[in-house]
Each structure stands twice: as C-alpha cells, then as structure tokens.
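Structure record follows, encoded as structure tokens.
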C-alpha cells in the first residue's frame, strides 16, 4: 500500500488506548494533524509501545511526530521496563548538598537515559525540562521544578538538555514565563500572577533567557494570566509570545501551546476560537488532549494558518537517533551504568502521591 504524502499540520492530538482504532487512523490522516501525544493509558509494555509507535509512523509521510510528558517523578507516563526517573527537585537538593557540578553531572545522566529509552520505542520528543521556579506555592509544579534559584534551574536544565541531545531528543522548556509562583493548577482554573514584568525578569524569566541562548528547541507557554503585562493568558498573548519571547528574548525555536482543553484555556471560547487565538498569539503547534470530539470539531472546516516555518519546525523536533544507533547505545556498559545510577536517585516519594498532571483520570 502506498503511504500518502501529507504535510504535517499544526495540531497535536492523542488516542484512546494501546492500539489505533480505524476511526483514529482516519483522524490522524487529516492534514490538520502533525503529531501525537501519548499518555499512560497508551502504555502496556515496551513491545506494545513499539508496535503502537510503528503503527502511527506508518500512516503517512512525513511521519507524525510522537511526543510524551516524561519528566521524571510523578510525571513519567511509561513505567514498566523503563528506568524510574527521580523528580527534578532531587537534583536541586543535590545542588544544595553536594554542589553544582555534581548535580549537573547527574542531570546529564538523567537526560541521556530519559531520551535514549524513549528513542528506542519510537518516541521523538519529551516535553521537558520544567523551567518553573519552585516558590513553594504551586502544588501542580512542586517537585517537578529543579529549584527556586534561577541560576540553579538554568544550569540543571542545560545539563539535562545535553543529556537529551545524546539520546537523540530536543528540549522543550515550560511553562513560559513561569508557573511556579501561582497557587492554582491551570488544568483546573485560570491562575493569575500579579507580579510586574520587572519582577518576572529578575527571577522566573531568567532560565528561559539562558536556555534560549543555549539551543533550547521549543517552549510551551503557561495558561496563566500576568495582568500587569497582559490581560490574556501567556499562551494567548502576542505580548508574551511575539514581543517578549520572540523579539526581546530572541527565541527562534518552536512554540507549542499547552493543552487547549485545560480549564485555564477554556475561557477563550470554543475550541476553534482557542486555536485561532493561539495561532494569532504566536503558537506554531497546538495541543488538544483527552477530547477527540474537540479535535473533530476543530478539523471540521479547519484552515491551516499561514506559517512558512511550520514544516521546518516539525522536522527540527524529529528524533535524531536511528534505530540501529539507539540499540547500540542501549547495549553499552556505560549506558547501563547510567540507567542503574539514575534509578538509584529515584525514591518512593517520586512515585506516589502528589497532584496528578495532565491525564484524563
């Protein structure tokens, strides 16, 4: 059977379970779709995951980009057969107790293991690192954050990014310009951060600036309002995305929206209106998760925005390790030692409790 050539569209959707249904196959052939995000509900074991990703990639050319939230701690979608990754706050604790260089070395190992194991299963991208500062206010961020200190966050994220690159993956910093100061969970409410731009510049924006200079490939904005800067949430704001992120910071990479079904996005109107506002604000690619009915509503009469950079930006997010290369890495004693070391950093506190993040549960 001839594989259809369909340019990647600007929508990232999801699927229900372990295998594609015929309905999902038809949905994923729509020109509006360019990628898929997987969740825990899509994972049974490694062999099933490899079969699923191969099935997705065989649908069309260029292949759909496959992503996942696989940060470590309580946001690790695939467990059985994968190295258990520590929460990123573990690295912050090591930074404080053992020093910056030790923590950076550990962060690079985590990034390498994280990316290589996902690459071996046909995954292109993990939406990581979290660049939010841990102000002690936000339960949904909490131990997903490296540290409260902007320098520590930036340096640990850069080390993680270095490890991701060894495993064939690009980085995606989130949640611009910082979700750590607010109390609300933007999955459930629309939080407000009342600080001024100067206050944000002095702290939360610093890791994004540094990572942008050092090759961060993608950014995901927060569904948070910063009323002293703009009345719109950051992901819907031209001020935040076009003026501050693109012009002032000079970020050249991909802007992914956060999930447009989150409560923090719903106040903007129906799904078509949310999509329109996201694209006008400066998002390249939008996520619509856990609601295939909304994906179908969006697809109906969808006009692909004029974005001459879209094809190149999708291509940039492709995994850079071929199958043979990643299999060779996995067999090395050095990689296996890194797996064992990273697993030793994880703790029961990483795997149990805490706020659920982003799953339909």
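Glycine is treated like the rest: Cβ placed from N, Cα and C.
As annotated by Swiss-Prot, substrate binding site applies to 69, 77, 144, 174, 175. Annotation comment: Swiss-Prot describes 185 as site 'Important for catalytic activity'. The active site, proton donor/acceptor annotation in Swiss-Prot covers 187. Per Swiss-Prot, active site, nucleophile is recorded for 258, and the stated evidence type is sequence analysis.
Among the recorded positions 69, 258, the residue whose Cβ has the fewest other Cβ atoms within 10 Å is 69.
Recorded residues residue 144 (substrate binding site) and residue 185 (site 'Important for catalytic activity') have their alpha carbons 13 Å apart, per Cα-Cα distance. Recorded residues residue 69 (substrate binding site) and the residue listed as 'active site, nucleophile' have their alpha carbons 11 Å apart, per Cα-Cα distance.
Taking the binding-site residues 77, 144, 174, 175 in turn, the residue surrounded by the fewest other Cβ atoms inside 10 Å of its Cβ turns out to be 77. Under the three-state DSSP scheme, the residue listed as 'active site, nucleophile' falls in the strand class. Between the alpha carbons (Cα) of residue 185 (site 'Important for catalytic activity') and residue 174 (substrate binding site) lies a span of roughly 14 Å. Residue pair residue 175 (substrate binding site) / residue 258 (active site, nucleophile) shows a Cα separation of 8 Å. Around residue 185 (site 'Important for catalytic activity'), taking its Cβ as the centre, 20 other Cβ atoms fall within 10 Å, counting all chains. Between the alpha carbons (Cα) of residue 174 (substrate binding site) and residue 258 (active site, nucleophile) lies a span of roughly 9 Å. Those residues noted as binding substrate (69, 77, 144, 174, 175) have their most widely separated CA atoms at a distance of 19 Å. On the backbone, the CA of residue 77 (substrate binding site) and the CA of residue 258 (active site, nucleophile) stand 17 Å apart.
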